[in-house]
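Peer 1: Before anything else, here's the structure in question.
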Amino acid sequence: MMKQLWLVFVWLLSCFSLSNQLDPNKRFPSPYGEKEKESKFWYSKAEEELKTALSRRFNTKTAKNVIIFLGDGMGVTVSTVGRIYKGQKKGFSGAEEYLAWEKFPDVSLIKTYNIDKQVPDSASTATAYLCGVKGNHKTIGVNANVQANNCTASLDPENRPDSILKWSQDVGKGTGVVTTTRITHATPTGTYGHIPHREWECDSSLPQEAKVKGCKDIARQLVEDLPGKNINVLLAGGRDPMGATLQEDGESSCKREDGRNLADEWISDKTKAGKSAVYVTNTEEFREVDPAKEDYILGLFKGSHMDYSYYRDKSPKGSPSIKEMTELAIKRLQREPKGFFLLVEGGKIDVAMHATKPRLALDDLVDFDEAVQAALNLVDLEETLVIVTADHSHTMTMNGYPSRDNNILGTTTYEWVTDKMPYTTLLFTDGFRSNFHLGWQTALKGGEYCRLNMQQL
């Protein structure tokens, strides 16, 4: 049995190292070459950094616009690995690379926890950073008086704090939400919803007792209630919980039982009020939207979550990138005379991390980085506050001591390792979660599964 366990471990290790499409034997040099050996090189870089910091002029204005970029699950280690991966995609070591937000003038650390958990989820953390109130695990938009599944407590107005998106609407600002997850998923729901369980995304997921007591599913809250019904731009996945499933979506992730198409209802509500509104479902339709003309824009590009960047269909019938969605949202919201609030979530970073698939997570992180840079290029930073943060982190660690030119997705060795065996630079301390049991069974039969189905790790 121990021999079988060892074989499984070796097989998983080889799958992990072969999972990326960068050559595992390729080395990634420093872009600075031999200059790094000279002290004056580092002195000059330090002087440059100091001059930049000392020349900074503090902006004490009240922000007209606020954009929050939320990299779901993108904690310190994930960001570090993402920075290296970004640099290695350019052919260099990556350690010297910068993500867009790493050159922001102000940087801080935050600590995350629930009222009832040491490690929070994306539901209760959304309440924290969007509503300013800490809550319990799996709840969204409610305070800690509401335990998970407690419909009655969630209906009490005293337990339903407003979000920054609601505050923005109250003072006449435009609002928008962009995410690569379902529009009813945890993070986006924090802008408009009040729910005692994050999984109550459509009516079929709502317990009968909750229906009797008057609780609404998240999709209905978005379409029927304030502030959701007045959000100007919604770009995401999530046709299923909205009752707008298309044939290509396949099996529904959250099938509506009431027969309602909430996407159509959302559009109808706007046109009846004399506003221009458009609903799009693919890149071709998306690129035809004129942000200078439409009052309301709804884009739902998948039945469930949008595809990982690695797999995204880039054809006209596919889905737009998070960068494209961010640009469209900003161009529409810049028309608002009193300013705007926009939330942009790189949600599939987290989904891949939960599945212990770093290559997929890192590709999405690099796309998220491009969306941040696109926003910085579009807005006036004298009147726009741009915040980039994460809601929690993951168990991924970086092992020591890979050489600087080592593939971040590959394996390394170290002289002090007693068994002299190679190990992966990246490791998940909770082990393989997705496909683990299938992988275990297949490992004992042969390695074909590794080559065909685990390349996305």
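Glycine is treated like the rest: Cβ placed from N, Cα and C.
Predicted automatically and left uncurated, TrEMBL annotations should be read as such.
What TrEMBL shows for this protein is this:
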SIGNAL    1-21  signal peptide
BINDING   Asp72, Asp350, His354, Asp391, His392  Zn(2+) binding site
BINDING   Asp72, His185, Thr187, Glu345  Mg(2+) binding site
ACT_SITE  Ser122  active site, phosphoserine intermediate
Peer 1: For the binding-site residues listed here, His185, His354, His392, which shows the highest count of neighbouring CB atoms within 10 A?
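Peer 2: Neighbour-count leader: His185.
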Peer 1: Based on Cα distances to His392 (Zn(2+) binding site), point out the closest of the recorded positions Ser122, His185, Thr187, Glu345.
Peer 2: Ser122
Peer 1: Out of the recorded positions Ser122, His185, Thr187, Glu345, give me the one sitting nearest to His354 (Zn(2+) binding site) by CA distance.
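Peer 2: When the Cα distances are compared, Ser122 comes out closest.
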Peer 1: Check the Cα-Cα distances from Asp391 (Zn(2+) binding site) to the recorded positions Ser122, His185, Thr187, Glu345 and tell me which is shortest.
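Peer 2: In terms of Cα distance, Asp391 (Zn(2+) binding site) lies closest to Ser122.
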Peer 1: Spatially, and counting Cα to Cα, which of the recorded positions is closest to His185 (Mg(2+) binding site)? Options: Asp72, Ser122, Asp350.
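Peer 2: Result: the closest of the recorded positions to His185 (Mg(2+) binding site) is Ser122.
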Peer 1: Cα-Cα separation of Glu345 (Mg(2+) binding site) and Asp72 (Zn(2+) binding site), in Å?
Peer 2: 7
Peer 1: Which is it, of Asp350, Asp391: the one of these binding-site residues whose Cβ has the most other Cβ atoms within 10 Å?
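Peer 2: Answer returned by the neighbour count: Asp350.
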Peer 1: Please report the Cα separation of Thr187 (Mg(2+) binding site) and Asp72 (Zn(2+) binding site) in Å, rounded to an integer.
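Peer 2: The Cα atom of Thr187 (Mg(2+) binding site) is 8 Å away from the Cα atom of Asp72 (Zn(2+) binding site).
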Peer 1: Measuring Cα to Cα, how far is Asp72 (Zn(2+) binding site) from the residue listed as 'active site, phosphoserine intermediate' in Å?
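Peer 2: For Asp72 (Zn(2+) binding site) versus the residue listed as 'active site, phosphoserine intermediate', the Cα atoms are 7 Å apart.
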